[in-house]
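The structure appears below as C-alpha cells.
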C-alpha cells in the first residue's frame, strides 16, 4: 500500500505578502489586479475570506463584499523563488514529487525511512521544515491514494493535516460529496445532481453503463473514485496539458471587430509561451475562451496539429454566436498538447494501417 502526501500551502501568495510586509497581518488582503482595471483575485487571506472574498473573483466585487480589502499586486518572481525553496524541502524526503502548481504537490513517501517510515510524521516534519525555512505554513493530506490525499489536505486548514488510513476509505467515500472529487467542477456537479447523484454512495448504486454513456471516459473515473480507487502513480515529470494566454479587458466589448482587435497580441504572446515551454511538444487542438459580463464563460475548440491563426479567428466567430447580447470581459486563446501516450498510440495505429495496406 502506497503512502501519499499532498502538501498545500495556506493562502500562498497572500501569505508571502504578509511575511514580507508585516503591516498587512491581521488585515483583509488579496493578491490581484486593481478594480479600476477589471482585475481578478488570485488569492486572499483568511481575514478576507470571512467576508466571502474568493479566488477568481472580480476585484471590484470583492471590494463590495469587503470595503476595507487591501489589494496587493502579485510578485510572481518572489512566489517562484519561495516555491523552489519549498520543493527543496520535499527532496529531503523523497524523489517522487509531482508539483501541481507553485503552492501544492504530491509526494510518494512509501520508501522513505525517515520518521520511522510514518507518513504522518513525515508530513509533520515537512511542514515544520517549510515553516522554519520560509516562515510560511502548509497543510497536508495523507492517504494511500492521490485523490484522497488531496481532499484530506483541505480538511484541517490552515496549518494542519488529516490522515485517511486504508481501513477508513470505505466509510470516508460513502458520504463524500461528488463535488469534492478533483475534476468535478460546478458544471459536472450540476449534471450529476440533476440525475440524483450527490454523494459517492449515490453513484455506487447508479448503473455503470448509463454513467459512461452520459459522461464518457470521465464516467469511468467517477466510478473508480466513488469506490475509493485511484491507481495513478506520482509523476515527477508531469506533462503539461496546455499552453494559453488570456486578458481581462478594461471595458466590456461587444462586436466581432473589437474582439479581432485583441487577438493579434494574444496570439503573439501564445507563440512566445509555446516556444518557451512547449517547443518540442505536439499540438492536438486550439481553443478560444470568452467570459461574458455576467461571469459565465464559453470555450470553442477544434482539432489541429499546428497553430493556425485563421482557425483561432474562426473559433472566435463561433464563440460569439453564444454571446446573446452580453458584453465580453475576458478573451483567451490556448492550445492543447498531446501526451506521449497519445502520440505512441497514434504511431501504433499508423503502423497497423500500413501493415494492413501491405497485406500483412
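Cβ atoms here come from the backbone N, Cα and C positions, even for glycine.
Marked as domain 'UmuC' by Swiss-Prot on the basis of sequence analysis: 4-185. Per-residue confidence over the domain 'UmuC' (4-185) averages 95 (mean pLDDT, predicted model).
Counting only same-chain residues six or more apart in sequence, the Cβ atoms lying under 8 angstroms from the Cβ of residue 8 (Mg(2+) binding site) belong to 103, 104, 138, 139, 140, 141, 150, 153, 154, 157. Among the features that Swiss-Prot reports, Mg(2+) binding site is placed at 8, 103, with the record citing sequence analysis.
Look at Swiss-Prot and you will find 13 tagged as site 'Substrate discrimination', backed by sequence analysis. Sequence-distant neighbours of residue 13 (site 'Substrate discrimination'): residues of the same chain at least 6 apart with a C-beta under 8 Å from its C-beta are 31, 42, 43, 74, 79, 103.
Summarising the annotation, Swiss-Prot assigns active site to 104.
Counting other Cβ atoms within 10 Å of each Cβ, the recorded positions 103, 104 show the lowest value at 104.
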